[in-house]
Amino acid sequence: DYLIQYGYLQPPLEETDGQFGEAEMAEALRSFQEASELPVTGWLDRETKTRMAQPRCGLQDPFNQKILKYLLLGRWRKRNLTFRILNLTPDLPPQMVRDALHAAFDYWTAVTPLSFREVHAGHADIRFFFHRRRVAGCSHAFDGPGKVLAHADIPEAGSVHFDEDEMWTEGTSRGINLRIIAAHELGHALGLGHSRFPKALMAPVYLGYRPDFRLHPDDVAGIQALYGKKSRRKEEEEIQELDLETIEPPSPKVPSPVPDPCKGELDAILFGPHLKTYAFKGDYVWTVTDSGRGPLRRVSTLWPGLSGSLDAAVYSPRTGRIYFFKGDQVWVYIGFKLEAGFPRRLVHVGPNLDAALYWPLNQKIFLFKGSGYWQWDELAWNDFSRYPKPMRGLFTGAPAGLSAAVSWKNGGIYFFKGSSYWRLNRQLRAEKGYPRDTAHHWMHCPPRATGIALPNGTDTSSG
Ligand SMILES: [Zn+2]
Ligand SMILES: [Zn+2]
C-alpha cells in the first residue's frame with residue numbers, strides 16, 4: 001500500500017487482477033531503498049519497514065529514471081504572489097503560527113526573485129489551512145496522528161494543508177516543526193516535487209527539528225531552475241547571450257564544415273524555452289523565426305559541453321528541461337546550463353535515435369528510431385519493455401527514419417526527413433499537401449527550381 005500510495009508501484013492500466021509480481025515488488029522496494037539511502041536489498045526488511053513508518057509528506061515520490069535530483073512539477077507565471085492564512089492551529093499561540101509560516105517563505109525568497117504578500121480577505125494565490133481527516137474543500141483525507149503530516153497542490157493551485165491531528169511546534173524537537181513542514185509544502189506549491197537527497201528539505205520524509213535548518217543545495221538548484229536566482233542579472237545575461245554571442249572561442253578540434261541551411265537534412269530541431277526555434281546541423285545551430293533565420297553558431301558556444309552532430313533534441317515545457325541525444329548518451333540542460341551528472345548513458349531506449357518531440361496533449365516525450373518509437377513520461381516510472389512500438393500504429397501517413405521532429409508553437413507536429421517535412425494534426429495524421437520543402441518554408445531559402453509551386457504562383461525557377 002505504501003509503495004502504491006507514494007508512486008513506487010503503479011497499478012497497471014490494462015490488467016485488473018491487482019496482483020504485483022515478485023520482481024515488480026522487489027524493483028519498487030529497491031527504488032524506495034535507493035531513494036531513502038537504505039541498503040538496497042529489494043526485500044521488505046526491518047530498516048525499510050522502519051522508514052515507511054516515519055512521518056512524511058502526503059505527496060507522491062515520482063522519482064524519475066533514477067537520474068534526477070530535484071523534480072519540477074509546475075511553475076507560477078508570476079513572481080509576486082499573495083498568500084492567506086485561512087485558520088490557525090490551537091497547538092501554538094497565533095503569533096507563533098504566523099511567524100512560522102512567514103519564516104517558511106523566507107527560505108525561498110532568499111534564493112529566488114519571488115515575493116509574497118499576505119492578504120486577509122478574498123482570493124490569495126497560496127492558502128494555508130489546518131484540517132483533520134476528510135473535510136469539504138479538500139479532496140485528500142488526512143490519516144490521524146503520525147504518517148502523513150501535510151499536503152499541497154502544485155502550481156497554479158496553491159492549497160497548503162496541515163494535518164491538525166499532529167502536534168505543531170516551534171523551537172523544540174517535540175511534535176512536528178511547523179516552519180520546516182510549511183517550507184517543504186511551499187516547495188510543492190511553488191512547483192517542486194520530492195528530492196532524492198534524504199537531507200534535502202524536499203525529501204519526502206520528515207527528518208525532525210533541526211535548530212540550524214537550512215535549504216539543501218538541491219532545494220536551491222530546484223527552485224532556481226523554476227524561477228531563477230535572487231539577482232536576475234545572470235539569467236538575463238544567459239538569455240541575451242543568444243543575440244550577443246557571435247564570436248566563437250578557438251577550438252582545438254578540427255571544425256566540421258559550416259553547413260548550408262538551404263541544403264540537405266537537419267540533425268535535429270528544437271522548439272525551446274522563450275518560444276525560440278533552433279535548427280541543428282553538424283557542429284552548428286541557428287535560430288528560425290517567422291521572418292528569417294539567425295546566424296550560424298557553434299553548438300558548444302550556446303550549450304557548453306555539448307558536441308555537435310546530434311541525433312535528436314527536445315524541450316519539455318513540463319519540466320523546463322532540454323534533452324539532447326547523441327549516440328548512446330543524453331545531455332540535460334536548463335536553459336543553457338548543463339545539469340550536474342550529464343551526459344549520461346541511455347539505458348531504456350535505443351542508441352542513435354532519429355528524432356524526439358514533446359506532445360503537449362499528453363505531456364509525454366516521444367523518441368523515434370527507424371520505424372519505431374518510445375513514449376516517455378518524465379515524471380513517472382515507465383515500463384519500456386513494451387517499446388519500441390511501430391510508428392504506423394500511432395502516426396498515419398508519416399515517414400519512418402526521421403531526421404528531426406518537433407511539436408511547434410502552432411500546435412502542429414512536424415516530421416523532417418531528407419529535404420522535406422510533414423505536418424501532422426492532433427489525430428497524428430499527416431495533413432494534405434505534404435511533404436513540403438524544408439529549406440524554403442522553414443529556412444527562408446529561395447524556392448528551388450524543382451517545380452514546387454507557391455500558392456501565389458510566383459516564379460519558382462529563380463535562385
Ligand atoms: Zn512533500
Ligand atoms: Zn487537505
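Heads up, the Cβ atoms here are built off N, Cα and C, so glycines get one too.
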- In TrEMBL, Cys57, His184, His188, Met202 are given as binding Zn(2+) 2, so which of His161, His194 is in that site too? His194
- Query: Besides Ala313, Ala356, which of Ile269, Ile334 does TrEMBL list for that Ca(2+) 5 site?
  - Reply: Ile269
- Query: Taking only the binding-site residues Gly144, His188, His194, Met202, which one has a CA atom nearest to the CA atom of Asp125 (Ca(2+) 2 binding site)?
  - Reply: His188
- Task: Could you check which of the binding-site residues Cys57, Asp125, Gly144, Asp267, Asp311 have their CB within less than 6 A of ligand 1?
- Result: Cys57
- With every protein chain in view, how many other Cβ atoms are within 10 Å of the Cβ of Glu185 (active site)? 25
- Message: Taking every protein chain in this structure into account, which of the binding-site residues Asp143, Asp311 has the most other Cβ atoms within 10 Å of its Cβ?
- Response: Asp311
- Taking the mean position of the Cβ atoms of Ile269, Ala313, Ala356 as the Ca(2+) 5 site, which residues outside that list, in the same chain, have a Cβ no more than 8 Å away, listed in sequence order? Ala268, Leu270, Phe280, Leu310, Ala312, Val314, Phe324, Ala355, Leu357, Ala404, Ala405, Val406
- Note on the structure: For the binding-site residues His151, His161, His184, the largest set of other C-beta atoms within 10 Å encircles the C-beta of His184
- Message: Please list the binding-site residues from His161, Glu166, His188, Ile269 whose Cβ falls under 6 Å of any atom in ligand 2.
- Response: His161
